[in-house]
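According to TrEMBL, the domain 'Deacetylase sirtuin-type' annotation covers 1-258. Marked as active site, proton acceptor by TrEMBL: 130. Residues annotated as Zn(2+) binding site in TrEMBL: 138, 141, 162, 165.
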């Protein structure tokens, strides 16, 4: 039997769920001023058409970056994806609410903005699956650099290189072709401990999120909050609640009832 929205709110308020896993995508940060990646017309990948790329994911490919770092610099400068002065949204505040109430098991996030941490969620609970922008480093010798210095170079369209080995510098974001953070692999088995999984702002198209749901025990309810809820990956799952709409509006409504 599937969970209803009223039951979800009641059980959250009564703290009946004590080990909640959050899986968060770009959709939770749109209200903070960031574009998501795959929405038609407004998503970053659609906006990248002006660069005449055969595949927009090239911008975030480590091999392409090695050959042509100016592409990433141009996109970052054009779309303001290096804006570090962002504020948490209702979705981030909701995650903090769960953490503060000792209901949060882990928050797996595809986002590199770190707004979960800005909202106050404990660092030990946040797994930034695709890396972060808190630091930058050399892609060869791994020497760490100030990310603000890197983005100053982006604004000047000047390629930043390592002072030790002359390698290219980039934010500590996971590009295609790079390994995921070790913390992700350490925390992944804990999904099986969840008593509730809430997926927000993601269409589950990108690895490793697309396969994470298969680690959820079959009796554990899954809640999906997203603009698009017709996801075939969730078809075999019976115990699910699909809430279609704007993530911020939905979470704001839920928060008012907790």
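Every residue gets a Cβ built from N, Cα and C, even glycine.
Note that TrEMBL annotation is computational and uncurated.
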Next on the checklist: Applying a 10 Å Cβ distance cut-off over all chains shown, what neighbour count does residue 138 (Zn(2+) binding site) have?
Outcome noted: 20
Checklist outcome for this item: For residue 162 (Zn(2+) binding site) and residue 130 (active site, proton acceptor), the CA-to-CA distance in whole Å is 23
Item to check | Cβ within 8 Å of the mean position of the Cβ atoms of 138, 141, 162, 165: remaining residues of the chain near Zn(2+) | outcome: 139, 140, 142, 143, 161, 163, 164, 166, 167, 169
Item to check | Separation of alpha carbons, residue 130 (active site, proton acceptor) and residue 165 (Zn(2+) binding site) (Å) | outcome: 25
Checklist entry - According to DSSP, does residue 162 (Zn(2+) binding site) fall in a helix, a strand, or coil? => result coil
Item to check | All-chain count of other Cβ atoms within 10 Å of residue 162 (Zn(2+) binding site) | outcome: 17
Next on the checklist: Whole-number answer please: how many Å between the C-alpha atoms of residue 141 (Zn(2+) binding site) and the residue listed as 'active site, proton acceptor'?
Outcome noted: 20
Checklist entry - Should the residue listed as 'active site, proton acceptor' be counted as helix, strand, or coil on the basis of DSSP? => result coil
Item to check | Cα separation, the residue listed as 'active site, proton acceptor' to residue 138 (Zn(2+) binding site) (Å, whole number) | outcome: 17
